[in-house]
Amino acid sequence: MELVLIRHGESIGNALRGESAVYTGRWDCDLTERGYQQAKSLIGNPLLENIDAWYSSNLIRTIETAKTITDRDIIVDKRLQERSLGEFEGLTIESVKKDPRYIKYFTDPEFMQFRNSFTVKAPGGESYGDVCERVKLFLQELACKDYKKVAIVTHHCVIRCIVKILNNLSEDETLSFKVNNCEPISVQLGVDSLQ
């Protein structure tokens, strides 16, 4: 089965920079105008021809992206939502850095990699390893369906985890895998890649 993975268009959370930058995670925010334009640019893309089913995470930025690209029904699945950043979600990076409760996440080498780790996570959040576990369950279920080609509109971390699982990437390869907004990535889902 061919999977066409699409990261949502630019969201409000992606667009915030500098002192306004926030930890997005599952913070549910809309697309920016640029995000809508990115999604519209995929209409008619040859990679998106002959799609048997469209899947999306339950977060608004992915649903808006999918609905902009296609008028087909979209199957919403929570297992495709972005990695949870727990207590940090929706907060500015600056405010979290200044909060004494979270100082270790910016000073202790054991915790500093929480954004890019398969084991360390923000308080109440998920690691890449956690996301890989739930995504693998989704892929195992999807592999049982009678589809030839599926589009999945989801998030940065989720796409990295899908590519890791299906291509047997190392953790370092996974964390360096580039995932841009609304740039489709085609991968093959085979039963043997889910062992």
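Note that the numbers count up from 1, one per residue, in the order the chain is shown.
Placement of Cβ uses the backbone N, Cα and C atoms for every residue, glycine included.
According to TrEMBL, the feature substrate binding site maps to Arg7, His8, Gly9, Glu10, Ser11, Ile12, Gly13, Asn14, Thr24, Gly25, Arg61. The feature active site, tele-phosphohistidine intermediate is assigned by TrEMBL to His8. Under the heading active site, proton donor/acceptor, TrEMBL lists Glu82. The feature site 'Transition state stabilizer' is assigned by TrEMBL to His155.
Mapped onto this structure are the features recorded in TrEMBL.
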residue : record                             : DSSP class
Arg7    : substrate binding site             : strand
Gly13   : substrate binding site             : helix
Thr24   : substrate binding site             : coil
Arg61   : substrate binding site             : helix
Glu82   : active site, proton donor/acceptor : coil
His155  : site 'Transition state stabilizer' : coil
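Of all the binding-site residues listed here (Gly9, Gly13), it is Gly13 whose C-beta has the fewest other C-beta atoms within 10 angstroms. Residues Arg7, His8, Gly9, Glu10, Ser11, Ile12, Gly13, Asn14, Thr24, Gly25, Arg61 are recorded as binding substrate; their most distant pair of Cα atoms lies 15 Å apart. If you compare Cα positions, Arg61 (substrate binding site) sits closest to His8 out of the recorded positions His8, Glu82, His155. Shown are the recorded positions His8, His155; the one with the most C-beta atoms within 10 angstroms of its own C-beta is His8. In this structure, the binding-site residues under consideration are Ser11, Thr24, and the one with the smallest number of other Cβ atoms within 10 Å of its Cβ is Thr24. Of all the recorded positions given, namely His8, Gly9, Ser11, Gly13, Thr24, His155, those whose Cα is no farther than the 10 Å limit from the Cα of Glu82 (active site, proton donor/acceptor) are Thr24, His155. Here the CA atom of His155 (site 'Transition state stabilizer') lies 5 Å from the CA atom of Arg7 (substrate binding site).
In this view, Arg7 (substrate binding site) is surrounded by 27 other Cβ atoms within 10 Å of its Cβ, with every protein chain counted. A simple way to gauge crowding: the CB of Arg61 (substrate binding site) has 30 other CB atoms within 10 angstroms, across all the protein chains here.
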